[in-house]
Every structure is written in structure tokens, then in C-alpha cells.
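> This is the structure I want to talk about, given as C-alpha cells.
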Amino acid sequence: MALTPWFLLLISLISTLPVDGYIVYMGDKPKPEVSTTTTSALHVNMLQNVIDDSNIAHESLLLHSYKRTFNGFAAKLTEEEAQKLAGMDGVVSVFPSETKKLQTTRSWDFIGFPEMVKRSAIETDTIVGLIDSGIWPESASFSDAGFGPPPKSKIIGARYYRSQPYPQNSSDILSPRDTDGHGTHTASTAAGNLVSKASLYGLGLGTARGGVPSARIAVYKVCWSDGCPDADILAAFDDAIADGVDILSISIGGFRPLDYFRNSIDIGAFHALRKGIFTSASAGNEGPNLKTITNFAPWYLAVAASTIDRHFDTKVQLGNHKIYEGIVTNTFELKGKFYPIVYAADVPDRAAGYNGQTSRLCRIGTLDKKLVEGKIVLCDGATGYGAIYAGAFGYVLTSRNAADVIDPVPVPAASVWFHVGNEIAHYLNSTRNPTATIWKSTEGVDALAPYVPSFSSRGPNPNTPNILKPDIASPGVSILAAWSPIAPVSGFEGDDRVTSYNIISGTSMACPHAAGVAAYVKSFHPNWSPAAILSALTTTAKPMSANLNPEAEFAYGAGLLNPSRAPYPGLVYDASEIDYVNFLCAQGYSTKLLKALTGDSYSCSSSQSSHGTLSDHLNYPSVALSTSNPKSVNGIFNRTVTNVGSPKSTYKAKVSAPPGLEIKVNPSVLKFTSLGQKLSFQVTVKGLIEKTIVSGSLVWDDGKFQVRSPIVVYFLF
């Protein structure tokens, strides 16, 4: 039979859809290149060819003319006119421009966790505790609507801690109320209600929501304008554990690696673990160098940041009409007005002893305020803070990296590639009165996502080389979530923009995503241990690409958080308190210390205290092997898995080994006859490595569940 052309099938459906015009897509830009004016004229001419009514001004029907990066247009058309255009030469497709449903606003969808995902009836009884900078309770993300007694509140508790004298001339409020914005942002990411039409001045428009929208929130404010004291962090852990929260999220970190029990977060999380409370902690923002992770204890989840497929483009336009793509989430709308632009190297504060070599980096105090005020400054440094404090109208950075992101700053700003910076500098040198403008950001698509941005801290674990950290990556770049309306959008005092939702980046944003998913898992499995939940999150993670992150698992751990699969891992690598005690024995901690730590009569045997393969003393869901001799790799790992999938199931081991290594699993088949049954196996890794880090994997597969563990071998440096 004759086949109906696809575009006719499409047009036949149009009458059933709400249509705001049609899009006529014509592929790439015309070749050879034509001017944008000519392209628009061609589009109008196409409309003239299908619209018979001579009384209509065809230009008025043209809604948009796509002409800068691809070819096409949107127009007000009848169904018949759309059908005519679909048959024209050069037209790829014609389709209705629907009024689409608005929908963080993007991160949860990107990792496969839609609004209508299956929910447990006891999600509303799950409590997520946030140790952070407080909360703005009036935010729509924390509405009590729908929360019937008992208890009626979304936020069921809020405390604050201030062990040090109150900072003078501070905007801090001595209460759990959030004056910074950070705590409100993380709380709404983990467990915020659904809020439609949320945005930052139109950017990121959609439905903001947390991982567990019906869960309860308990708030512990420990962070102030002068930091987050360890004493207060421990007090917050103490209260949170006593309050009986189910999940803890802490997006706080130190400046350097510390012994496990000289770190307030490690200590607090260890005690949370003993009470069955799962902790999610941010990996840190000190990347991209290796061994920069600051939260890495094995009894909590350490979360790296990943990108999502949305990014914000910010264009810089020069007085010579040239336009360059940049980044920086810029909310300022200059409406095409141009401002003088100067190069930072040409405006040093000579009276303070600076020259162009120092001022070009735009460090604070190095620029001459008289020469900078009211102008856009071209900076060679990583930030434009010096330009801000010198009174610049805005700035352009020339230090953009592929994996960089820059959150809102208090002035119009953009960051461009180094070679673009050279072109801008050339323009400045060749023009008597150079000018520029910076456009408000627009949303773009990051086709390479997910990958780990440069700021996210990397492993390996500085304390225990054979425990892989970070554990996992989750969305942490340009995340839209609730904000305190009295907090500066950019974090700079004097930034008087007011918003209820803000877009910021960091492992601080990744951490509550993982905490929300942990709460989601616990709502289905309330009796699972923290180790079982950690295992479920990591073994169901989506593998990520070392081509985008050469540091591989040291950047992203087991891979990208996968919420929809996490409650159904099939098998879990469980661990109890005694397993962690045995691990600490192997780490060299004394019986005396462990008795004091636990209050129990644990003792370390001589065999436990022998360091050997330290990860063999903990039933961890990943395998990491460090070696001081890359030509002679040899490691043995004993693991035990618990069946949480199908009562009767047979799992087969599927091993992926990098060149030079042989990985064997014994036994290679695990047969389960009941739920809760535990079976053990051994992994042997032998051979050599030719790179600093190589990656393999072990997948237990029964045809329904695939339980994946990364295997990482690296040269200990």
C-alpha cells in the first residue's frame, strides 16, 4: 500500500494539540553563508508562497527567525499552510510549537527521576536532616500544604548553634533562619515540595522539586558569615542523631585531609552510622588536582559533582559588532547598551605599587579605581573580584576551561576562552574608544553531560588508599533551588537583587541530590543499614566516561546517581558496626581508642592490625588497589553480598579488565535460594599497569538485576 508521508501524519494530529504557531526547521545555516537579514527575508518569502491573503503583512506572522546557528523559523500558520511548507525543498520538518509543561528544574529529570515516579507510602514519615546555614521556612518549597497531622509541618524542627562570639557588623540572625541561602538551597534540593514556574530571573524556568517532596525536614544551622565551626558541627550531629532523623546531608568540608577522628564530620557521621542514620557528604570543591577530597570516611557517602545537560551561555559583544560565547550565569539585562572596556593590565594601581603584570589578574586591590569605575574590565585571572571591588561596571575573564562553571556575580560578567580573550585584547589595542556589552544568559544544551567539572575534588582517598572515594557523582552544576530572599544572589554584600530561587554550583549541590535519593531508598526499605543504602546507590550508578574525565573513578566514583534503580539493587554489600571497627583496627587504631569510641569491649587482634590490603577488612561495594610497583600488581579482596532481589536467583560474574591486568572471581556463580541470604566470593587482581590509574569492573548479573562494582588499580603517589 502507499505510505503516507511522515509530515502529513504529523499534521493530522495538530488539531488535537494546543498550538502556538509552527516551527519550520531547515537544518544548518545556508551555505555559502548569507547575512542574517537575507535569511530573514528568505523566511518571509517562504511565507508569502504559502499564504494567499495579500492583505496580511507576512512579517507579522513570523514569530522567530532562526539564523545564527541553524536555519528555520517559527510562524503563525494554519494547518493547510503548514502542510504546504512541509512539502517545500530544503524543509527538514514542520511541527507544532506546543505550550509545553514546565518542569530543579532539570537535574532530577536528567538523571531519570521524573515527578510521577513510584513513591512509598511512608515517604512522608522519612526525616531528612540538613546540617548547613539554616533555612528560609516561608519558601514555597517548604509549604505545609497537604501535610496532615501528625505532624502537620514540612519542617518539623530547626535549631541553631553558635559557639563563638557573634560576628560584629554581620547580617547573620541568631536563629535557624537562613541569611546565606546555601542551607535553603540544599534543603529544597533534598526534600523540597514541587514549585512550578520557579526560576532565577527567568533562567532555569520550570518546576523546582526535591528528591523526596513529601518527606520531612529537620534543620541544624551551624554555618555563619565567618564559617562553620567544628564545635557546632558536632553539636548538630549530636542533636540530629538524638532527634531520630533518617538521613543526614552535610555540604560542608575542611581545607585539608584529617585523621578520621580529628574531623568533626567523620566523627559525627560515625555515630550516626551506629544509630542506623545514613550520611551524605560533599566531596569538596578543591579540584581538579588529585587527592584533594576532604570528606572520605568509608561510613558515609562522599559525593562528587556532575554536570547536567543544561548550561547557561553568556555572550560578549564588542563595539565592532563581533560576538563571543562565554559562561557566567548572568541575570543582568543591559538592553544592548555599550560601556567602555579596558584591559586590567593597563589600569594598575601604581600608587599602591602594582604594575600591569600583577593587575592583569584582577586580584583585589591591584586596580586603579579611578580608571576602572563604570567600565567593563578584561581580566586574565580566574575571578574578577578585584574589578568588582574597584567599582567596575562588569568584567570579562579570559581563563575559561572546558569543565568550568561560574555562578552569578554582582555585576554583568562572562568568561571566555583564552584565544577569545586575545581577540578582545587585540580589539582594545586597535580602537581608540573600545566598548562592549554583556548579554543576559540564555539556556543551552550541554551534549557532553554528564562529566565532572574542574572544581569537584578528586580522589584517591588520602587516608585509606584502598577505599575508593568519592563514591558517586550527582548533579552539582547550575542547580536551581530555593533561596533566602534576604541573601545576596551572588554572596557579595551589597548585591541587592532579590530572588526566591537561585542557580549555584558545587559539590554542596550534589550532596543533597544523593541524600534525597538515599531517603527515597529508605522509604522503601526502612530497615536497611546505611551501608546497604550506600551499596544500593553505588552499584546501580550509571558508568561515566574516562574520556571526559581522565581521573576516572577518582573524579566520579562508581558513576552517576541513578535514582529510579537505587531501591532495586538486587544485591547489597552490607556492613555492620563491627565491620567498621575491624576496618579501624586494620588502619592501626588501638583497642583503647576503639573501646572509647564505641563504649563496647571491642579489641583488635594482631591479624586485624596488620595493614595488608586494608579494603579487605571492609565489605565495600567498590574495589580499589594501590601499588608502589606498577609492574607487579597483586591484590586479593573478599566480599559478601546479601540477596535483596528475587528469592531464587543465580548471578553470574561478568568481569571487565583493563590491558595488562587479570581479574578473577571465585566462585563466578552465586546461587541464592532466599531473600536475605548472604554469599561470599573473592576477587584476585594480578598483572601490571601502564598508566597512573586503570579501571575495570565486576558485574553480578541474574538477567534482571545488574550489580556493578568498579575495580580501580593505581600507582600510589
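Think of each number as a place in line: the chain as shown, counted from 1.
Using the three backbone atoms N, Cα and C, a Cβ is placed for every residue, glycine included.
So TrEMBL lists these for the protein:
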- Asp132: active site, charge relay system (ACT_SITE)
- His182: active site, charge relay system (ACT_SITE)
- Ser508: active site, charge relay system (ACT_SITE)
- 22-102: domain 'Inhibitor I9' (DOMAIN)
- 169-188: region 'Disordered' (REGION)
- 1-21: signal peptide (SIGNAL)
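Thinking about packing and proximity, how do these listed features fit into the structure?
Taking a C-beta cut-off of under 8 angstroms and a sequence separation of 6 or more, His182 (active site, charge relay system) has the following same-chain neighbours: Asp132, Ser133, Cys223, Ser251, Ile504, Ser508.
Under 8 Å from some Cβ of the region 'Disordered' (169-188) lie the Cβ atoms of residues 128, 130, 132-137, 139, 141-142, 158-160, 162, 208, 210, 217, 219, 221, 223-226, 249, 251, 479, 481-484, 486-488, 491, 493, 502, 504, 508-509, 511-512, all in the same chain and six or more residues away from its ends.
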> For the domain 'Inhibitor I9' (22-102), what's the mean pLDDT in this predicted model?
72
> With DSSP, how much of the region 'Disordered' (169-188) is helix, how much strand and how much coil, in residues?
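DSSP composition of the region 'Disordered' (169-188): 7 helix, 1 strand, 12 coil.
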